[in-house]
Amino acid sequence: MRSLLLLSAFCLLEAALAAEVKKPAAAAAPGTAEKLSPKAATLAERSAGLAFSLYQAMAKDQAVENILVSPVVVASSLGLVSLGGKATTASQAKAVLSAEQLRDEEVHAGLGELLRSLSNSTARNVTWKLGSRLYGPSSVSFADDFVRTASSTTTASTPRSTSATSAALQSINEWAAQTTDGKLPEVTKDVERTDGALLVNAMFFKPHWDEKFHHKMVDNRGFMVTRSYTVGVMMMHRTGLYNYYDDEKEKLQIVEMPLAHKLSSLIILMPHHVEPLERLEKLLTKEQLKIWMGKMQKKAVAISLPKGVVEVTHDLQKHLAGLGLTEAIDKNKADLSRMSGKKDLYLASVFHATAFELDTDGNPFDQDIYGREELRSPKLFYADHPFIFLVRDTQSGSLLFIGRLVRPKGDKMRDEL
């Protein structure tokens with residue numbers, strides 16, 4: 001492979017961002033969110049806006065099926081580009097984030113604060129293992145000032161040189177697998193260029209429900225990828241009280257499921273029937289989501305969800321370019337001289353790899369609720385066909401994740417007419 005030969009040696013800047021790896025100095029107590037500074041709160045709002053523009057850009061790519069991105073992690077990557085860039089290269093990174101009025105250091109520091117708060121597993125009782133690494137070719141050395149600033153805001157280690165030949169990319173894959181408990185064994189299979197910087201994010205996220213699913217309420221069902229193609233998946237079922245809205249005009253349902261400690265929630269949007277998600281995606285904006293959520297009411301809902309792990313790796317380079325990040329990825333125009341001290345570096349790839357697990361785990365549920373009148377005749381939310389989902393922070397409104405499930409893992413079951 002050409003890329004293996006090119007990456008004979010590289011410098012490395014690593015940021016271990018997960019709370020499991022390095023916890024904030026003043027960790028919030030369980031169930032208590034840290035109060036964000038004004039700049040971090042502003043960037044939380046900006047990252048939520050980025051979530052929808054990036055999702056829409058990816059949804060238009062015919063080669064993409066399942067989508068799974070963490071907008072706050074992508075925003076943090078943009079912050080690193082603005083910190084290490086100059087002139088238009090830096091200003092474009094901030095423009096994609098709608099943070100033009102903030103200084104580069106403020107953007108990077110604010111995003112670091114936001115990400116540390118959102119990934120605090122002690123406060124939130126979720127599993128979020130997150131690692132971020134910046135690789136450069138062996139000919140490039142990271143500037144001391146850049147390393148110092150990046151380290152002070154993202155708990156990054158100092159750069160180090162790692163010699164490798166054909167094992168260079170394999171070492172990245174091994175790190176990603178270790179970071180995600182083996183859920184992501186290969187994140188660099190689509191590497192084409194290694195003469196520039198590689199920014200790699202690897203994540204494993206597992207929400208813990210505010211009210212768990214019963215482990216026996218799991219069985220094998222069909223998930224209809226299309227009307228004529230069905231795969232077998234494990235589905236988990238439970239009935240409870242959830243925020244719910246049925247938009248009969250647009251023929252879609254939306255349900256909000258609180259996660260443990262209720263600091264964040266999983267929001268699922270699903271068409272009434274099996275159809276491509278294009279129609280729903282055209283409706284989806286930050287403003288429209290707010291309208292839908294404003295119409296939600298607490299109702300009894302019988303929910304069925306696919307159980308298992310969704311593993312997705314994206315190279316976001318071209319999608320970020322479509323949003324305006326054109327200079328950083330251009331070998332002839334990029335000015336990342338605050339990273340290396342000279343204009344000898346460009347952003348070759350932005351790998352964003354995530355394993356997202358839906359399981360039954362969560363807090364014990366109140367068994368007495370099942371004798372109440374309010375749980376009779378529940379609304380049905382049967383997620384057996386493609387849907388869009390978001391993990392939203394209840395305090396800041398920022399999105400930890402946004403994605404769609406179009407084709408889960410599973411064997412073909414049957415053709416349907």
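Backbone N, Cα and C define each Cβ position, glycine as well.
Annotated features in Swiss-Prot:
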type	residues	note
SIGNAL	1-18	signal peptide
MOD_RES	LYS94	N6-succinyllysine
CARBOHYD	ASN120	N-linked glycosylation site
CARBOHYD	ASN125	N-linked glycosylation site
MOD_RES	SER141	phosphoserine
MOD_RES	LYS206	N6-acetyllysine
MOD_RES	LYS295	N6-succinyllysine
MOD_RES	LYS318	N6-acetyllysine
MOTIF	414-417	motif 'Prevents secretion from ER'
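A map of Swiss-Prot features onto the structure.
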residue	record	Cβ neighbours (10 Å)
LYS94	N6-succinyllysine	22
ASN120	N-linked glycosylation site	23
ASN125	N-linked glycosylation site	20
SER141	phosphoserine	16
LYS206	N6-acetyllysine	17
LYS295	N6-succinyllysine	12
LYS318	N6-acetyllysine	14
Nearest of the modified residues (LYS94, SER141, LYS206, LYS318) to ASN120 (N-linked glycosylation site) - Cα to Cα: LYS206
From recorded positions LYS94, ASN125, SER141, LYS206, LYS295, the one whose Cα lies nearest LYS318 (N6-acetyllysine): LYS94
Distance [Cα-Cα, Å, rounded] between SER141 (phosphoserine) and LYS206 (N6-acetyllysine): 36
PLDDT averaged over every residue in the motif 'Prevents secretion from ER' (414-417): 54
Pairwise Cα distance for LYS206 (N6-acetyllysine)/ASN125 (N-linked glycosylation site) [Å, integer]: 10
ASN125 (N-linked glycosylation site) and LYS295 (N6-succinyllysine), distance between Cα atoms, whole Å: 28
Cα-Cα distance linking LYS94 (N6-succinyllysine) and ASN125 (N-linked glycosylation site), given in Å to the nearest integer: 32
